[in-house]
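As written in TrEMBL, here are the features:
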| type | residues | note |
| --- | --- | --- |
| COMPBIAS | 346-362 | compositional bias 'Basic and acidic residues' |
| DOMAIN | 560-595 | domain 'EF-hand' |
| DOMAIN | 644-679 | domain 'EF-hand' |
| DOMAIN | 684-719 | domain 'EF-hand' |
| REGION | 328-424 | region 'Disordered' |
Amino acid sequence: MGCGMGKSKLQQEKCDKVSISQCPAMRAALLIQRWYRQYVARLEMRRRCTWNIFQSIEYAGEQDQIKLYSFFGFLMDHFTPASSERNLISHIFHENEICRETEWEKYFCYKGIEVPDSYTGPHLTFPMTFCGVSKLVEAFKQKQQLHARYVLQILGETWRLLRVLPNINYVSVSLPQEITICGDLHGQLEDLLLIFYKNGLPSSEKPFVFNGDFVDRGKSSLEILLILFGFLLVYPNDVHLNRGNHEDHIVNLRYGFTKEVMGKYRVHGKKILKLLQKIFSWLPVATVINHKVLVVHGGISNSTDLNIVAKVDRHRYVSVLRPPKMVRQVVDDSKTMSGRNGDSGRPAEGRRRVRSLTDHRSGLAQRSAPPRRSLHDLPVSGPLNHSVEDELRKRRRLAGFNQSYRDTKPSDSDSDPEFGEVTEKDGHEWKQIVDLLWSDPMPQNGCVPNKVRGGGCYWGPDVTEEVLGRHNLQLLIRSHECKQDGYEFCHNHRVLTIFSASNYYEVGSNRGAYIRMGSDLVPHFIQYQASRTCRELTLRQSVGWTERSALRALREQLFVHKSDLISAFQMFDTNNTGLISLRNWATATESVLKLGLPWRVLRGQLVSRTQQGMVDYQQWIRELSITEPKLEVSDTSILETMYKNHSNLETIFRIIDTDHSGLISFEEFRQTWKLLSSHLKMEISDKAIADLAQSIDFNKDGSIDINEFMEAFRLVDLSAHTWQPESGSVEVPV
């Protein structure tokens, strides 16, 4: 009977299949379903390619920042204190010029700043109250600016509170309470306001953890900080702020926060920035929820030890890009003493000196090594060898300086008073902090230096299991990476990434998200997009918008490297035909840009025409649709150098502009270019620099406005305005 029933079922299924095949409606439905699945798959492929472009360009910029700071560290470590090139950048390493508690109190003083009757923004009273912070939130929502007096008051109170907080905050969540965990905000105030709208404002009943990277990139970083600091002051036991890798004044020079503060507070901006350096160094670096969930900004490594992290003097790391040194200070012109630099309100034993980011394998000689490297590839310290001396001479010649550099073994009388060594203990503690702020997870087992970002490490699932097991933890929550859906699990659901800045790369590029977690420690996700425009787009339009933006950014990268690209193409064009294969085009392009992108997949969007599978690379360069300013400069190569190193040049400008006025003299302009040429190991003539300075000194007053200069040389993509999102005209490539 069983066999008979089985046969009956087979016959029935066969009849069903025949009936489906004979039914036109069912057949049409199956065809539509198949087509739709292929359509969505193609859109997803385009979205992933777009994502890879954005992320690769972002990480290349971070790697560039690390290399530039490494070069500055090299100047500090190997040039004499009196040398002019060292003097140009030395102030960024002297974060602790004011170090005694009484002097810091004076520096925070706001009493001499009057609030005029014409001021229409919010008036605050101290100690801060919930009503006061709510008023602040509403004012920022209405685009009002807080008076500098109140800004300094909030910063001063925040500094005093942070100094008594531990490195790791331990938080308890019990029924029916839930804790909210937010990731990167990056100056996007609309995302923070949307979180508050959906979740409610922080309070004793609604505790929050904000997991770093509050600043940079967005336009409202300072407003976000003031709101978070305000709630921290009102609810110090319920609002917890972790430090991110962007809470670092060196990183802020490149990614916009320094410029933002000086633009909003021209009179008191320099003081505000100085105080924020101090506050950033006092931010805790981790939060532990119910002794089971670890929340850090970046991640961990195979050497992460929370017991060590808990004891580190975190305020020593004003910038985590360089470890602090033991310092030797001359006392009474005859005695020397050693001490550990720090300022926690105690008298300091000397100014901080920090170590270079040069590769530890052979000192400075490694500066010509492959460009990808990490903060972990650092020396402990050691005497200069002949290759270093040769490199010093070369650097000085390229930079156009003629002062002598420090001897290999300087005497006490003429040595740098800040000179010091990094102890093994200091180096180990520094690595703990760097890993927490800069690291990223990877799918493979192991732990390797993160040479894509240039800081921290990549750690695998085996490291997650070992570190969490050793500390009796069950989950690691981190941020630091933009995710398309705002969150992402990895490492067998033991690592969770949360990112709260929606539309991070472009409108529609990603959702933001935050976590609600109760006493059961199960994360629940709330996703959102702050842009109304994005919510009105169809999936096809959203993918098309972000794809075009990513391709525009990629075309700019291709354009600024055009000379290097042509040279690379010519290596494959041995017969000088002007044509190379698509495969060779992809290989040469990757060898120049080193972005790790699928160039052969992208060639449909980047290469408009081919001749029997061959690319006319000269014509292709001309068709990139990028315009550049028309200036009369004798040496056009300096323009290409400028485009290629646009961000580095702006960073150096802002370092040299010590008074943050936004203006630099012709001589400072020349010194900027000399520093850049030394960093790039290339020669730029004084005449070319002078021509460039004259061409952009529009009012002929002998000074250069940094912002106007950078805007004047910003490349424009002619294809940027050829598509409107509501047209729905994006083609889906087969």
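Here, residue 1 is simply the first one shown, and the rest follow in order.
The backbone N, Cα and C atoms fix where each Cβ goes, glycine too.
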Query: How many of the residues that make up the domain 'EF-hand' (560-595) does DSSP mark as helix, as strand and as coil?
result: 24 helix, 3 strand, 9 coil
Message: Averaging the per-residue pLDDT over the domain 'EF-hand' (644-679), what integer do you get?
response: 77
- prompt: Reported in the order helix, strand, coil, what are the DSSP residue counts of the domain 'EF-hand' (644-679)?
  reply: 26 helix, 3 strand, 7 coil
